[in-house]
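What follows is a short report on a single structure.
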Amino acid sequence: MTTDSTQTLATGSRASWRRTHTCGELRSSHIGSTVTLNGWVAGRRDHGGIYFVDLRDRYGMTQVTLATELSDRTQFSTEWVVAITGEVVARESGNANAELPTGEVEVRVKELVVLSQATVPPFEVDDGIETAVEIRLRHRHVDLRRPEMTRNLIHRSRFIGAMRRAFEAQDFVEVETPILTKATPEGARDYLVPSRVHPGEFYALPQSPQIFKQILMVSGLDRYFQVARCFRDEDLRADRQPEFTQLDMEMSFVAEDDVFEAWEKVMASVFDEVMGIQLATPFARLTWREAMDRFGSDKPDLRYGLELVDLAQWVPLSGFKVFEGALAEKNGRVMAICVPGGGSAISRGQMKTLESRAKELGAQGLAWWKPGESGGGAGPVARFCEGDSGADLLARLGGGEGDLVLFCAGEQRLVWKVLGALRTDCARRLELIPKGHTAAEHYCFAWVVDFPMYEWDEETGAFMSAHHPFTAPVDPTLAGDQGELMSRAYDLVLNGWELGSGSIRIHDQKLQARIFDQLGISPQEARAKFGFLLDALGSGAPPHGGFAMGLDRVVALTLGLEGIRDVIAFPKTTSATDLMCGAPSPVPDRQLAEVHVARAGRGRTAEGGAASPAGA
C-alpha cells in the first residue's frame, strides 16, 4: 500500500529518504527542526489511534509518532527498515525517558518510506531477552542488532585502534605476515589447505606469526606489531575459537624488562583512551614457582588473598601420619589455605561440594579444620590441631576462631592444582572477588616469568616444549636435568586469566639446534621443517623477544564478560561450526579433484548424500 505520505521504496529510487541525523543524535536543541531518520522498527504501540514507534540504528533509539490520518495508511512491522521525515518536538510533560539520550524529544512523522520489509524475527531484538545460544548464532544477523552486541563490537574496534596508535607512538611498524604458510609443529593441529598447482602438497593456516616475526627481527625491522589472525584445530571451550585474533609484537636488542615496559605502555594508553582508566605500572612480577607456591596457579587472580601456605615444618608437630607420609614421597608437599570467616560462612553441604571438587581434581579427599575458641574445633583433622600444634598452625596461616583451614597433601603439582581451584571456589562463595570492570581496582595485572623449559608428555613418553621450541633457556649451557631447565618465557595474566604469552627467543643457530636435539628432532627433520629459520639465524640474528595477547579475551574482560563469543562478530560453536552460513560443508567431488584430494571414510557429499569409502 502506498500513498503520498507512506511509500515503499522502489529499486532505483533517488535517495530522498537519506538520513539527516542518526537515531541516537537528537536532543532538545533540535526541537523545531525537520529531520529524516533511517532505521529498524524496534517496537510500535497504538495509543488511541496514534502510533508510537521506536526507531533503532547502531547509534541509539528515537521515539517517533504517527498521527491518526497517517497511521491508518501505514503498513510496517517489527524489524522493517524505514525512513521517516518529521518535526522534532518535546515529549509531553512526564513522558520523558531518562534512560535514553534522546528521551526528551520525539519526531512527529510527516512522511514514511519503507526501505525493506522483514519476516517475523526469530527472537525479540532486546538485551533483556534470554534466547538459546544456537538460535542466536543461527540468526547472527538479527542478534548483532541488539544494542549490547553493537556496543561490544564498537568497543573491540576502539581497542584495536587505540592499540595501533600506542604501538606507533613507540616506533613499532605494522607488518602483515602470510596466511598461507608451511606446516610446522607448534602444539596444536594445523588447518591444512591443499594446493591445486602442487599435487599432494598443502599449506597450513598459521597458528601464530611466530617464525615470520622472528625473521623480521633478523631482517633488521627492530620493532614489529600486527593484529594477527590465527588458526588452531583444537578442542574448543568457552574461551577458545578455531580462528582468533592476536595483538602480536616483537623487538630486537631487548631483554624481558624491555618487552614488559613496551607492553605496559600500550596497555596503559589503551585503557586510558578507551575506558578512561589509569592503570598503575609497572605491573606486578612473579616467577612461575612463586605463583604456583602462593596461588596454586600460573595465572593467579591477585584481587584477593587466600594464599597457599607450606606446612612442611608444622607437620612433625601435628603427629598426623598421613601428612608425614606425603612429605616423605618424592616431590611431596603438605599445604593449606585459610579462609577468613569460612567456619561459619561455608555450610556442611558446601563442604561436601568442596570435597567432591577436590576428588575430581585427583585428591583422595579433603582434610579441613574449623578452629574453636580454645583450641580443638571441628573437622576430620581437629585432633591433630590441638594445643601447641594448633597454635603454631594458626600462626603460620594468620588465622583464628571462625576461619576454615583446607589442607592438601600429595605430589606437588596435585597439591597446587587442588588448592588453587579451591582458593578460587571459596573466593567466589564468600564474594571476595571485586565486582565491576570500570575502575582501575578491577584489574590486577601480573607478569609471570621463568617458566619450565619442558613438560613431560605421558602419551609420547618424551619431553615437549612448554612454550615453543624457539624459547631461550635461562641457562644457555643447558646444564643439569632436562626436566628442571627453566626458560625465558613469560605470561601476562589478569584476574585469573592468561591474556597472552611471550619469550626471549633463541638467536643463536647452534643453540637452536641443541634445543631441537633435546626435543628429539633430528638434524634432518629440523632442516626439513625449520630450515628457513635456521638459515636466518645463521645470517646474523639480533637478540630479540616478543609477546602476543589474545584480543578476544582482553576485550571480553574489559566488558565484564566471562566468555569471548559475544565480542566476535561471527563466532563458531564449541564443535567448530558456523550455524549461520553452515560451515564446514561438503564440496563437490569436482572441486576435490581439482586440489587432488580424495574422500576417505564416510561423510556428506555436496549433494547431501553419504560418500562412499575411499577406494570403493
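Placement of Cβ uses the backbone N, Cα and C atoms for every residue, glycine included.
The L-aspartate binding site annotation in TrEMBL covers E186, R232, H467, R505. In the three-state DSSP assignment, the secondary structure recorded for R232 (L-aspartate binding site) is coil. Cβ neighbours of R232 (L-aspartate binding site) (same chain, under 8 Å, six or more residues apart in sequence): A188, R189, Y191, Q207, P242, F244.
Among the features that TrEMBL reports, ATP binding site is placed at R232, D233, E234, Q241, E498, G550, L551, D552, R553.
Under the heading domain 'Aminoacyl-transfer RNA synthetases class-II family profile', TrEMBL lists 156-571.
As annotated by TrEMBL, region 'Aspartate' applies to 210-213. Sorting each residue of the region 'Aspartate' (210-213) by its DSSP state yields 4 helix, 0 strand, 0 coil.
What TrEMBL records for H47 (among others) is site 'Important for tRNA non-discrimination'. In the three-state DSSP classification, H47 (site 'Important for tRNA non-discrimination') falls within a strand.
The site 'Important for tRNA non-discrimination' annotation in TrEMBL covers G94 (among others). Annotation note: G94 (site 'Important for tRNA non-discrimination') sits in a coil segment as assigned by DSSP. Of all Cβ atoms in the protein chains displayed, 5 besides its own lie within 10 Å of the Cβ of G94 (site 'Important for tRNA non-discrimination').
Between the binding-site residues E234, E498, E498 has the most other Cβ atoms inside 10 Å of its own Cβ, all protein chains included. Least packed by the Cβ count within 10 Å, out of the recorded positions H47, H467, is H47.
For G94 (site 'Important for tRNA non-discrimination'), the nearest of the recorded positions by C-alpha distance turns out to be H47; the candidates were H47, E234, E498, R505, R553. Distant neighbours of the region 'Aspartate' (210-213): 177-178, 181, 184, 186, 224, 226, 248-250, 468, 470, 530, 532-533, 546; these residues of the same chain sit at least 6 beyond its ends, with a Cβ under 8 Å from one of its Cβ atoms. H467 (L-aspartate binding site) falls within neither a helix nor a strand when secondary structure is assigned with DSSP, and so counts as coil. Ranking the recorded positions H47, H467, R505 by the distance of their Cα atoms from the Cα of L551 (ATP binding site) places H467 first.
DSSP gives E498 (ATP binding site) a strand state.
Distance noted between the C-alpha atoms of E498 (ATP binding site) and R505 (L-aspartate binding site) is 20 Å.
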